[in-house]
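Colleague: So that we are looking at the same thing, I have put the structure below in structure tokens.
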């Protein structure tokens, strides 16, 4: 933005070589490289000619940029407004002519984002994703039998748990019958009961105590077995899901947010594991108890059982509809929980940006909206559960009252004894409780099916780029000519916004090729296509005439080293991050790669190579993270080295030192270097420059040829250097 137009004071943080920013400053405040105090404060006109000034000494580090800059700017016609690429939006910078104070700090360089589509384009793309997305699988109903496939190989554990369940349930269901016999013996009129069921009373009660101990022991064993079985299933399921995620291509992660995938790996897998163990066990126990209870009720009195059976159809029908409702609601709830996890992960990861723009209240309100949605779903389930279980409880209690009334008449008529009526009532309570429990287990299993549908979506996802399928990559691939032939590409989430259209060029082995394009022109997309994170929509990418899509992806990527513009580090030590690309690397190799990438700062840390970098490397500066990323790439000694604006996060001094390392690598003709950059100092060292714009190659050639007036490269460099006002 133009600070003059909006009446703002601008405080840019810039590298010393970024004179397009520095020349517009009214005041310069250079910071020393070794200290955090201000070295000088003056206007740029006073600092530039002073050899002892900090700005002068640091600006000399990029003198090679100035040579090319001056050679271009001297040939330019003043006042011309040239910007050669459509669909790109240059920012309206202008030289300050009004007395507005601004400061330039020589530290940080700001990169502008790419073209943003219109709202209509975004809506059109989203509608296509929802209807035609190749990775958006429909919400299929998962049957119980497929759910059991997740527990494959656990048959022996299920057999043990089932056997223990039968024994413990048998002991439990014998209690009403035994109680009835004790009551009949006590109501016989004999003052001293010596035998119960033909067994001496003392022996009977000791045996009864032993029976209860057996039931408790079996119940203990069942719970332990099923808990371990549940954790085993969940652990194996999570490992399988995570391995599946690691095998999917970039298009999948464009469609599915990380927070939703984390929710599937954690919450959904836990629900499914419990459904296959604890809930299934409870359901089996309720089934056994209900069947045994009804059988004993028939044995005691078929007449009372006939009256009792009138309650079964409405309860069974209600349980079926309730279970189906909960299954669908569970799927919706798990989706909402996945959205909540996604938002939490995204907002917490960018909390500093939120705080910098005072967006705390906005983000809290947005998070509360997701919580409110989840609460509404939980409230719907609560009302449904209350209606179902309240109704079944009322019907059960009403049935008990009816049984008492009818049973009392039958006792008075002498059709049954008091003990038999007591046993029947206890069996009624047991059977009724088991039926209600069975309904609850059915509900929990339906929840498991809802969660399982999300897991099977992930397990059934088929990437367009299979990681382990394809022919072996020849060992001589490092000397191959890489060719783009009429390549067309659009990101899967935005199929209507074409990035490339008939893109064609060659990269010869052992050369240093620079890819140049305006912001949003597809520079980084070329590296993603080369690494096969995505597949071209049309055309082919060849290696010595062989389509790289026929190669094994893992083997193909093993020949590449990548240094991205945004360094990515993992939690762990510095040494572990450098050795990430080569797990068997020795300490010597790690230190050598770090030395070549100018990671001398590691030796200043107390723990040196064992220093923890923190989550995503937050304990290191941007430049330190970038140099570790460079060392990680160099450790592999790749045949193809992709530098995607690899020095963008470094300060001037560190960049020059790393550039020397990269420059020495470029002289190594056994390695092909593909540089994606916008800095003139990096571009001018390339053997070949490929200028990309409007989805195709506009021109290619050497720096000397393309830097002539009239070329697209010349116009782009003039705009980047601030010599042309857009």
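Backbone N, Cα and C atoms are what each Cβ position is placed from, and that goes for glycine too.
Dumping what Swiss-Prot says about this protein:
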BINDING   517, 518, 519, 520, 521, 522, 523, 524  ATP binding site
DOMAIN    158-447  domain 'ABC transmembrane type-1'
DOMAIN    482-719  domain 'ABC transporter'
CARBOHYD  66  N-linked glycosylation site
CARBOHYD  113  N-linked glycosylation site
CARBOHYD  132  N-linked glycosylation site
CARBOHYD  502  N-linked glycosylation site
CARBOHYD  584  N-linked glycosylation site
CARBOHYD  598  N-linked glycosylation site
CARBOHYD  668  N-linked glycosylation site
TRANSIT   1-112  transit peptide
TRANSMEM  158-178  transmembrane segment
TRANSMEM  196-216  transmembrane segment
TRANSMEM  306-326  transmembrane segment
TRANSMEM  386-406  transmembrane segment
TRANSMEM  423-443  transmembrane segment
Colleague: Using Cα coordinates, what distance in whole Å links residue 523 (ATP binding site) and residue 502 (N-linked glycosylation site)?
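Modeller: Residue 523 (ATP binding site) to residue 502 (N-linked glycosylation site), Cα-Cα distance: 15 Å.
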Colleague: Can you tell me which parts of the same chain pack against the transmembrane segment (306-326), counting only residues 6+ beyond its ends and a CB-CB cutoff under 8 A?
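Modeller: 297, 381, 384-385, 388, 391-392, 395-396, 399, 402-403, 406, 428, 432, 435-436, 438-439, 442-443, 445-447, 450.
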Colleague: Which value does the mean pLDDT take for the domain 'ABC transporter' (482-719) in this predicted structure?
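Modeller: Mean pLDDT across the domain 'ABC transporter' (482-719) comes out at 82.
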Colleague: Based on Cβ atoms within 10 Å, give me the single least packed residue among the binding-site residues 518, 520.
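Modeller: Sparsest of the binding-site residues 518, 520 by Cβ contacts within 10 Å: 520.
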Colleague: Nearest to residue 520 (ATP binding site) by Cα, among 502, 584, 598 (glycosylation sites)?
Modeller: 502
Colleague: What else in the chain is close to the transmembrane segment (158-178), if you only count residues 6 or more beyond its ends and a Cβ gap under 8 Å?
Modeller: 151, 208, 211-212, 214-216, 218-219, 221-222, 225-226, 229, 281, 284-285, 288-289, 292-293, 296, 422-423, 426-427, 430
Colleague: Quick one: Cα separation, residue 521 (ATP binding site) versus residue 502 (N-linked glycosylation site), in Å?
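Modeller: Per the Cα atoms, residue 521 (ATP binding site) and residue 502 (N-linked glycosylation site) stand 14 Å apart.
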Colleague: By a simple count, how many Cβ atoms lie within 10 Å of the Cβ of residue 584 (N-linked glycosylation site), its own Cβ left out?
Modeller: 6
Colleague: Determine, using Cα-Cα distances only, which of these binding-site residues is closest to residue 598 (N-linked glycosylation site): 519, 522, 524.
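Modeller: For residue 598 (N-linked glycosylation site), the closest Cα among 519, 522, 524 is found at 524.
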Colleague: Counting across all protein chains shown, how many other Cβ atoms sit within 10 Å of the Cβ of residue 524 (ATP binding site)?
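Modeller: Step by step: centre on the Cβ of residue 524 (ATP binding site), count other Cβ atoms within 10 Å, giving 18.
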